Amino acid sequence: MYAYEALPVAEWFRRNRELAGFHNPTRALYQTIRELTENSLDATETYGILPTILLRVNVEDEQKGWVSVYAEDNGIGIPGNEIPNVFGRVFYSSKYRIKQHRGVFGLGLKMVVLYAQSTTNKPVLVRSATLKSDKIFEYQIMIDTNSNSPIILDRREYPNKYRWHGTAVKVYLEGNWLASKKRIEDYLRRTAIIAPYAEIIFKGPDLELWLKRRTTKLPPAPKEGLPHPRSVDVDTLKQMIQESRGLTLQEFLMENFDAVGEGTAKAFLEWAGFNPNMKVRALTPEELVRLVEKMKQYEGWRRPRSDWLSPAGAELLEIGAKAILGAEAVFAVTRKPESYGGHPFIVEAAVAWGGQIPPGDRPVLLRYANKIPLLYDEGADVARKVVDEFNWQNYKVKFPAPLAVIIHVCSTKIPYASAGKEAIAEVPEIEKEMRLALRDAAKKLRLYLSRKEKEMEMLNRYITLAKYIDEVAYNLALVTRIDKESIARNLHKLIEKKIGLTVDELVKHTLSMSSAQQEMAEAAPQ
Ligand SMILES: Nc1ncnc2c1ncn2[C@@H]1O[C@H](COP(=O)(O)OP(=O)(O)OP(=O)(O)O)[C@@H](O)[C@H]1O
């Protein structure tokens, strides 16, 4: 006989923690930093606050492999009465909305707490105050995995004398600092590229990073939106209908969906063969299925709006990549909004060249989804495929070349290739946009490299001609009895006029080229 039982959701996640990125002490430490940082960024930039994030990792017990992680932000904070659920109930979130956030599942913090308590049996310590709150709340929380609810071990309130706002979290967990150090550093640096308006201070046992704020410009905050008719399934529609008052089908479509006005609703219902005036609650289950099918097929919908999205913007990408990669030049583009399956998305791409980027046989790829750096599973990501298939020769790039490519997809629904949220799946619309974004950015790079190449050529010509100036000036001086220095000066001027740039300008431009680039420019066909 089988023994049947239901596994409570929190217990299920505790047992299957690798699905959320908590495979082992190395991944778990990296994932903990990632979840806490992403929550802090969501709690600040989405509300117009310039993020300041402090992160600390301490080795607590070397023998047992225990570490502590502390994260503090200056965000909007969490209301005192919500703190227990936010940290102690799986699938509790403020982000189940149609709007671009880093967080989506309502799971991240709980996985941190579950992993921490199952490895060290210690609670999470939380301190938080909301904007203008006169109190600071402090909690010690664990999760009762059987009932998926918080166990409050301690709760305190303090007067908020200095009107501090934000959230501070401390957890103790089994973590392998040495093995995860490199990933954590990469993750934070890559975060600083896409969010150069954030100040991130990290202190680990043997690593200190101070990623300074490079700009005070924040990208416009995303608005909250409605679903696009093409993006809903039968269950979602059923639920929406249950929540609707006695609306007609036409009213229901207009009120609950993005980009559906009176004209569009009428035209669609006529095309789909539904009576616009029937009460939406009177739809039979068969009609409901047919309605969803028709909503997916209809060609007349307007595109989903992109107001729910918050791309970084070409300017911020350029600032971030220059500062963090130490690139000599960065060219970024933000494409126009597109959609797949009713979900709006925007692709951004940047190519970074030279400077401190080491020459490689293929471009270094930095992938992002909703401003989250993706570090694992690069091979499974459609962005890698696009970058590898790209014809770089057409853009004057010959490998080895000091080239890095940044690809950012933002969407209200990122099509991840797996539950680990580390790679973007091959959605044809997204793939096409990636290709176009890369082409647009690479065109700017080509222009830049052509200019550099030309300047190199000029400098070489100048050097060749300048070799003769002394001798020619000497002989002319003998014949004309004009001062040799003045002849030489005039000859210099003549050459400068001929090549169209002063020597100072030429040298300045060409010196800014990295040696690898010079080699490339020299090797390039004339
Ligand atoms: N630093 C913070 N400041 C303010 N609110 C926070 C902070 N961290 C978490 N929260 C709140 O707690 C909720 C739950 O966070 P959690 O990390 O569990 O899930 P999520 O961010 O919504 O989604 P995901 O599982 O994809 O990370 C968030 O939706 C947010 O409302």
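In case you wondered, yes, glycine gets a Cβ from its N, Cα and C as well.
The structure displayed is predicted, hence computed values, not measured ones.
The ATP binding site annotation in TrEMBL covers N39, D73, S94, K95, G103, V104, F105, G106, L107, G108, L109, K110, K421. For F105 (ATP binding site), the count of additional Cβ atoms within 10 Å of its Cβ stands at 15 [all protein chains shown]. Secondary structure at F105 (ATP binding site), taken from DSSP and collapsed to helix, strand or coil, is coil.
Annotated domain 'Histidine kinase/HSP90-like ATPase' per TrEMBL: 27-117, in sequence order.
Among the features that TrEMBL reports, domain 'DNA topoisomerase VI subunit B transducer' is placed at 304-458.
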Sequence-distant neighbours of N39 (ATP binding site) in its chain (C-beta under 8 A, six or more apart): D73, R102, G103, G108, L109, T167
Close in space, distant in sequence - K421 (ATP binding site), Cβ under 8 Å, 6 or more apart: G21, A369, I372, L374, I414
Distance-selected binding-site residues near ligand 1 (C-beta under 6 Å), from G103, L107, L109, K421: G103, L107, L109
For the domain 'Histidine kinase/HSP90-like ATPase' (27-117), residues assigned helix / strand / coil by DSSP: 38 helix, 19 strand, 34 coil
Which listed residue (L107, L109) has most other Cβ within 10 Å, given these are binding-site residues: L109
Residue among the binding-site residues S94, G103 whose Cβ has the most other Cβ atoms within 10 Å: G103
